[in-house]
Ligand SMILES: C[S@@+](CC[C@H](N)C(=O)[O-])C[C@H]1O[C@@H](n2cnc3c(N)ncnc32)[C@H](O)[C@@H]1O
């Protein structure tokens, strides 16, 4: 199938036979080595922009339908699908959303696509923190799409969240998500660098959670193109050893935390030992642990203040 600009004026519906032709064209766009995963993505893509079910797309049972509604003109769908393979734009940016924990989050190229590891980070937070500390002020430093702040606000109904990001564009996306889940009264957004915009909370914070940029600068050029070319470098670049933000957060956190307050930080695989050493060297924490992710990779720093 040729994609032409005349399609742009088409109404948002398509015959079943035409969609079947489009499906075959879309499959041809997928590189040979990625056919299986690519077809799964194609299914997700069409589910998002049509009223078809997964079974319809497995059996292609829509073929006899005279008219199927689409949420976007076919030309726009074709354009986005080509971007997926020619530019390696991540599927979530093409859909405009990511599914994370029990949330459907708006995502744009201004925010990192929230990852499954970060879903687990919240599980660790929920496991470590006793009920009496599941209240008060908690911080999500480097909030991006607002995923962590939203996840925690929904887990613990008594907390007040402060979501901080240096990127105004990221915070704008976080605000859309916060509004969508009607949590604007419990999640407060602050623009600025790490603790800077929340200086008045010094000594009053029950816990801090962060998934900071942690990739060593030199490694960024070796990341898969979806990440390297499309996700914001502000969200990725952790400086020469990847630990610049981790170091800053671990060292500055005790001044903000209440006694027995908590710090949780997501790390890159292989950073556990160094992160533990940085935290221990402060002398400010009574316990420091490195917890694994589901693949048994050391992934999360957990520290509790004296
Ligand atoms: C790895 S992303 C995490 C996003 C989100 N928390 C998540 O887990 O999906 C790191 C975030 O930190 C933000 N960031 C980077 N440097 C920052 C700084 N100096 N102060 C505050 N936020 C910063 C980035 O804009 C980005 O949104």
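Heads up, the Cβ atoms here are built off N, Cα and C, so glycines get one too.
Caution: TrEMBL annotation is automatic and unverified by curators.
Residues annotated as domain 'Methyltransferase small' in TrEMBL: 134-214.
Within 10 Å of the C-beta of residue 145 (S-adenosyl-L-methionine binding site) we count 29 further C-beta atoms, all protein chains included. The S-adenosyl-L-methionine binding site annotation in TrEMBL covers 142, 143, 144, 145, 146, 165, 194, 211.
Residue 213 (substrate binding site) carries neither a helix nor a strand DSSP state and counts as coil. Listed in sequence order, the residues of the same chain lying 6 or more apart from residue 213 (substrate binding site) and placing their CB within less than 8 Å of its CB are 142, 234, 235, 236, 237, 238, 245. Marked as substrate binding site by TrEMBL: 211, 212, 213, 214.
Spacing of residue 214 (substrate binding site) relative to residue 144 (S-adenosyl-L-methionine binding site) is 14 Å (Cα to Cα, whole number).
A Cβ distance below 6 Å to any atom of ligand 1 is met, among the binding-site residues 146, 194, 213, by 194, 213.
Shown are the binding-site residues 142, 212; of these, the residue with the fewest other Cβ atoms within 10 Å is 212.
Taking the binding-site residues 194, 214 in turn and counting surrounding C-beta atoms within 10 angstroms, the largest count is reached at 214. With a cut-off of 8 Å between CB atoms and residues at least 6 apart in sequence, the same chain places 105, 140, 163, 173, 174, 175, 177, 178, 187, 189 near residue 146 (S-adenosyl-L-methionine binding site), listed in sequence order. Along the domain 'Methyltransferase small' (134-214), the predicted structure has mean pLDDT 98.
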